[in-house]
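Worksheet: one structure, shown below.
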Amino acid sequence: MPPRSSHQPRAGTYVPYMAFIIFSAIFVFRLDVFVTQTISTARRNQEYKYESTIQEPSPPTVFKNENATFHKHVLVTWGEFHTEILNDGELLMLTLDKHSGSGFQSRKQLLFGKIDMQIKLIPGNSAGTVTTYYFSSVGDHHDEIDFEFLGNSSGNPYTLHTNVFSQGKGEREQQFFLWFDPTADFHTYSILWNPKNIIFYVDNIPIREFRNLERIGVPYLKDQAMRVYSSVWNADDWATQHGLVKTNWSLAPFNAWYRNFSMDGCIWSPETRASACTDVDFTTRPVLKTVLDRRSRARMKRLQKKHMVYDYCKDKWRFPKGPGRECRMN
């Protein structure tokens, strides 16, 4: 057998390099998830400083509005000159440019209910931008239910980021790539929140479920009333590829469009600290007792298998001792 050439690589030569490459790839992916945890904190800091005090009706009344006018049911909380309400209040546009983003909140608070919004996201190169739509209470131990859309460079998909906070604890991220172009037309994003469960829907298809599992020690969102919030803002220090891809301000303004906002639920009055709903409502009103049946849950699982790109329940790197107890049953 001829001697091995001094230029022929040995089998073990590449092992350290391959190990380094694999470790780097895993680290970068995990870092992306870790960075997205800053979304809620950064966004709340951006938005809450603009929040205004709103007087609630007293006594509370059962509230349901469909195809609601934005003039009547939301309040622009920041970026006033970057917000337009059009078509007699049925269409709202939030704008982001180099000077400011913009946001709004619902005038009323709910303690359980369902919200729907049709949104058309920023088209083209949306890298560095974040569009949000979510429920949230206020305070250090706040509750929150998030839809957040992380923009990307042209040709790459948006990341739909979801999270659930209960009593100030989050780190329950699930992320998806959508099965359609969310910038080409309006699509409906819904959150149902009742004493039994929280369900995220896209175009009336359930994509995520968070059950009330207080019986096994998981805090549930049941005591804090929440408003609906939405915003468009710049986060190019982390939002796209860990901040490597910056917002291209030559493409500004960046516009996100909203229509067909609806709320169905129990109004909460901070003045009386009372809900509009009675015990009878919780046994008779569909929105307050809806849960996923077997067929709907099976459909959700099939969708998750195909379109989910991150699930905190399966992340052993972030949670070496195991994720939250809810993962065993959600």
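Backbone N, Cα and C atoms are what each Cβ position is placed from, and that goes for glycine too.
Listed in TrEMBL for this protein:
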TRANSMEM  14-35  transmembrane segment
DOMAIN    52-258  domain 'GH16'
ACT_SITE  GLU144  active site, nucleophile
ACT_SITE  GLU148  active site, proton donor
CARBOHYD  ASN152  N-linked glycosylation site
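For the domain 'GH16' (52-258), the model's average pLDDT works out to 90.
Counting only the Cα atoms, the space from GLU144 (active site, nucleophile) to ASN152 (N-linked glycosylation site) is about 25 angstrom. Look at the recorded positions GLU144, GLU148, ASN152 and count other Cβ atoms within 10 Å of each Cβ; ASN152 has the fewest.
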